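> A single structure is presented below for examination.
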Amino acid sequence: MKSVIAENLVKTYDKGRVRALDDLSLDVEEGTVLSVLGPNGAGKTTTVRILSTLMRPDSGNAQVAGIDVIKNPEKVREVIGLSGQYAAVDEILTGYDNLVMFGELYHLGKKQSVLRANELLERFSLTEAAKRPIKTYSGGMRRRLDLAASLIVKPKVLFLDEPTTGLDPRGRQEMWGVIQELVKGGVTLLLTTQYLEEADQLADEIAVIDTGKVIARGTSDALKKQVGGERLEVVVEQTHVAKTIEIVAAVSGNKAALDEGLRLISAPVSTGSAALFEVLKALDSAGIHALDVGLKRPSLDDVFLSLTGHAAEEKKVEVAEKKRGRK
Amino acid sequence: MSAVNDIAIITRRQLLLLTRVPEVLIFSTIQPVMFVLLFRYVFGGSINTGQPGGYVQLLMPGIFVQTVAFTLAGTASGLAEDMKKGLIDRFRSLPISQSALVIGRTLGDSLLNIVVLAVMGIAGYVVGWRPSAGLGNVALGFLFLLLFGYALSWVGVLVGLSASDARVVQNVSFIVTFPLTFLSNAFAPTTGMPRALQYFAEWNPVSTMVAACRELFGLENQFGATAGSFPSEHPLTTSLIYMVVIMVIFIPLSLRKYRNYAD
């Protein structure tokens, strides 16, 4: 069963001048994680805002947990959790205050809200900081608290919009751990990210989006295959570069590429480790000692580059996703 | 009834914020208290009002109205701040009454006004303000002030939600509110103003509010009301009409803006 379905979503800003979503469709199987991967301005936040009832699309349909997002937003709000790009908690209040307040807003009642708040603080390792104002928290702690707030009523579908943007590597690792724990608990998760590694780590499936459209989708492995198979890479001393290019090209049957700075010669191969063995043998009989030899599987960066013609994190086109509510 | 419950929680949040940052309360009261002292002692001595009890009797209603008028800026910047932090998104994604956040915000700001007005009243008393009307009318006067603040709070909701930048909100509201409170009968008689300004000042809701409060606090001379114009003859009625009109226009506009603010 599909927990999230988006069909042909279109959303424009600035009276149609900016097309944030351009016929975007995607779905998420119940109990799985879909990562929506794309650069800034690709339409990730707009997608999440529509699915979480914060925004209406110009056209198209969407369902969350079988409920129509456009016709029944109130019902959708009862089954979703949302954690946005910025930790949406009251800085002045304590972590405990925030969670209790949200619990009460979910109509849990005072006693249940307190219980649930303590439970979540414990689970996200925030018990010690519970009675401190949020403004004393680190970026990672804020995000964890924000995530905790979105889990108060055990949502069926959870939306996380760039959950680790702005966190340092340690904060990111912690957040990944927390999210992986959650997923084990069986929640359906739609997560947006501009970090390829994050999508690779957390998602069952990846939807790559660019300029408001899904341009590729599949498992991380499938996407990597779509870009092409493995590449054979050899690094040698400067004096052997020319000869090595010949050898690699012969083994691969394709033209070999040279990175002069690294003295790295590479070419696509389809025979896997057999190619590796062959090239080592050829190098050996030519009397060339390779400094490094390897088979490299394409990274998601390569995927993005080959799908869009530009690298994921280099694209800095500021599409006017509604600036409201952001710094 | 869950909407009422939601509103109560939001209002309580506002009060909780207030207790955690007492500076807000302190600065909300310092400025008007400063005005009381400045006008009372700097200008008060040279203004002959022909009023028993002197200038301070006329001044205090003016200061009260000016103080509640700044609710507009308070509500606007508070909401803009929530928006900047993404809190509004979170609230809007919760299964709660969609207007609870803004209604709770306006109520919370009104509760803050109660505290501020109480402090102002005491400050006024200290410098010689003695309303001559009965307790009932004085209380009615304060109720009027709260209602005026509440109505303006809804204008603040629209301003706050329409603003693109939280920092701008405070400044813009200030630039609008400040002259409005001075182009009135709050601190000096309108009779001394150029004709066009005088006309404006008489119809200014701040003036009608000030005149209404003076009447309720037991002053006979309404200080600058030019006989003849409807607002100066009927300040209570006019003020009431103004408040109703403001609310009838701005409550639906603000609620609609809130519901659609992301579209």
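For all residues, glycine too, the Cβ spot is worked out from N, Cα and C.
Nobody curates TrEMBL annotations by hand; they come from automatic prediction.
Below are the features I grabbed from TrEMBL:
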DOMAIN    B:23-261  domain 'ABC transmembrane type-2'
TRANSMEM  B:21-43  transmembrane segment
TRANSMEM  B:55-80  transmembrane segment
TRANSMEM  B:101-127  transmembrane segment
TRANSMEM  B:139-161  transmembrane segment
TRANSMEM  B:168-188  transmembrane segment
TRANSMEM  B:236-255  transmembrane segment
> Going along the chain, which residues at least six beyond the ends of the transmembrane segment (B:168-188) come within the CB cut-off of under 8 Å?
39, 43, 47, 59, 61-63, 65-66, 69-70, 72-73, 76-77, 80, 156, 159-160, 197, 200-202, 204, 206-207, 210-211, 222-225
> What same-chain residues lie close to the transmembrane segment (B:139-161): Cβ under 8 Å, and 6 or more beyond its ends?
61, 64-65, 68-69, 71-80, 83, 102, 105-106, 109-110, 113-114, 117, 121, 131, 133, 169, 172-173, 205, 209, 212-213, 216-217, 239, 242-243, 246-247, 250-251, 253-254, 257-258, 261
> Where else in the chain does the transmembrane segment (B:21-43) make close Cβ contacts, counting only residues six or more beyond its ends and a cut-off under 8 Å?
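For the transmembrane segment (B:21-43), the nonlocal Cβ contacts are 55-56, 59-60, 63, 66-67, 70, 74, 112, 115-116, 119-120, 123-124, 127-128, 187.
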> Cβ under 8 Å to the transmembrane segment (B:55-80), counting only same-chain residues 6 or more beyond its ends: which ones?
28, 32, 35-36, 39-40, 43-44, 47, 49, 88, 102, 105-106, 109-110, 112-113, 116-117, 120, 124, 127-131, 141-142, 145-146, 148-150, 152-157, 159-161, 163, 165-166, 169-170, 173-174, 176-177, 180-181, 184-187, 206, 209-210, 213-214, 217, 219, 223
